[in-house]
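Visitor: Take a look at what Swiss-Prot says about it:
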BINDING   Cys14, Cys17, Cys36, Cys39  Zn(2+) binding site
BINDING   Pro119, Thr120, Gly121, Ser122, Gly123, Lys124, Thr125, Leu126  ATP binding site
DOMAIN    2-55  domain 'ClpX-type ZB'
Amino acid sequence: MSENKGDGGKLLYCSFCGKSQHEVRKLIAGPSVYVCDECVELCNDIIREEIKEISPKQDQDKLPTPHELRAHLDDYVIGQDKAKKVLSVAVYNHYKRLKNASPKDGVELGKSNILLIGPTGSGKTLLAETLARFLNVPFTMADATTLTEAGYVGEDVENIIQKLLQKCDYDVEKAQRGIVYIDEIDKISRKSDNPSITRDVSGEGVQQALLKLIEGTVAAVPPQGGRKHPQQEFLQVDTSKILFVCGGAFAGLEKVIEQRSHVGTGIGFGAEVKGEADKATISDTLLQVEPEDLVKFGLIPEFIGRLPVLATLAELDDAALIQILSEPKNAITKQFAALFEMEDVELEFREDALKAIALKAQTRKTGARGLRSIVEGILLDIMYDLPSTDDVVKVVVDESVVKGESTPILIYATNEAQTATAE
């Protein structure tokens, strides 16, 4: 930087930090005052922090109604109407309870933790994540299969709270308004109906460990992800304010329900499904689930009692998968179209291509979860070549591309110009 000086060659200094014009990149002059670029940046940081502190308080005053929550879910999640309604009411009641922590009549409101039952790829995680994003609250996921009781090899249940804190930069107040989704909860079912002499540290033991956390306790978490140490000060997190959503496929649960209600079908999510009638039967059977069925499946009564809100999700059919590919705000085809648009290229999926992708996902039995990997595979080669290819203005994917019988159709600017001239 050249040695610029003020009037009369006098060296100028920042009126706030005292640094000279040679120690900073820019010095802005005002009436009898100067401010450097570093002080301006510091002021911006302070203002941003203050806005962050104010925003959550403003958000707390504007609790969306169940209708508004449901409408937002409709924008991102296809189908599952009953589950959406159940979730919208439960989430609304949970945050209404936090907002009115001290009811005038002294009635203590219980927690509305949620249990979601449905096959892989039916939208359990997406529902919880979409609500958290809409409500602007921290969200974290945990896999129940990795959890063990404290003192055993594996992940301690309190690590879930640590992950939630990490999502909000260890702001305890924000974390206490967060949502935790615990997946594969059916995998920690009790291994047998009878208590075993051998300790079940990854099944019933984990259920016992999760009980207090889900119901509400003050969890002691090391700050900034440090290891637990006797002399270390812990962050105290009240989990009674955190909404817990547990989800699982519960393969075979319909057989337990059928035994109770004497309905003789007995086909599970894990088994081969042979027809639309069978699929409907499974979904209808799961709608009849009672707490006693979950106990027989392997969840302990105390654990079920901590999850009072129950919602079942149906297996997605071809029509739903096609909708998921193209209709939601963040639909997979829209995401890839946005990527191609960054290369100034239009991406088009023909209707027969969408049907073929849905059929492939059904064959793999991955539900909506497998759609992205299928589309990634279809577009891999073209995404590799496109940045090095000139003049391409449009890429078209049809059924033959999905089946691997041909490559995507490329339309070049010269072709379009020739077509326009011919017309």
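Going from the start of the chain as shown, residues are counted 1 onward.
Note: Cβ is positioned from N, Cα and C throughout, glycine not excepted.
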Visitor: Between Cys14 (Zn(2+) binding site) and Thr125 (ATP binding site), what C-alpha distance do you get in Å?
Guide: 52
Visitor: Once Cys14, Cys17, Cys36, Cys39 are set aside, which residues in the chain still have Cβ within 8 Å of the Cβ centroid of the Zn(2+) site?
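Guide: Apart from Cys14, Cys17, Cys36, Cys39, the close residues are Ser15, Phe16, Gly18, Lys19, Val24, Leu27, Tyr34, Val35, Asp37, Glu38, Val40.
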Visitor: Could you name the residues, excluding Pro119, Thr120, Gly121, Ser122, Gly123, Lys124, Thr125, Leu126, of the same chain that surround the ATP site, i.e. Cβ within 8 Å of the Cβ centre of those residues, in sequence order?
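Guide: Along the chain, the qualifying residues are Gly118, Gly247, Leu313, Gly367, Ala368, Arg369.
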Visitor: Using C-alpha atoms only, work out the spacing between Gly123 (ATP binding site) and Cys39 (Zn(2+) binding site) and round it to an integer in Å.
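Guide: Counting only the Cα atoms, the answer is 48 Å.
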Visitor: Pro119 (ATP binding site) has how many other Cβ neighbours within 10 Å of its own Cβ?
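Guide: There are 26 of them.
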Visitor: Least buried of the binding-site residues Cys14, Cys36, Cys39, Leu126, going by other Cβ atoms within 10 Å?
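Guide: Per-residue Cβ counts within 10 Å for the binding-site residues Cys14, Cys36, Cys39, Leu126 bottom out at Cys39.
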Visitor: Count the Cβ atoms, other than its own, that fall within 10 Å of the Cβ of Gly121 (ATP binding site), considering every protein chain shown.
Guide: 23
Visitor: Sort the binding-site residues Cys17, Cys36, Cys39 by C-alpha distance from Pro119 (ATP binding site) and give me just the closest.
Guide: Cys39
Visitor: Measure from the Cβ of Gly123 (ATP binding site) and count the other Cβ atoms within 10 Å, all protein chains considered.
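Guide: Total other Cβ atoms inside 10 Å, all chains included: 29.
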Visitor: Might you list, by sequence position, any residue in that chain lying six or more from Ser122 (ATP binding site) with a Cβ less than 8 Å away from its Cβ?
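Guide: Non-local contacts for Ser122 (ATP binding site): Gln80, Leu313, Ala314, Glu315, Leu316, Gly367, Ala368.
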Visitor: For Thr125 (ATP binding site), list the number of other Cβ atoms lying within 10 Å of its Cβ atom.
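Guide: Total other Cβ atoms inside 10 Å, all chains included: 16.
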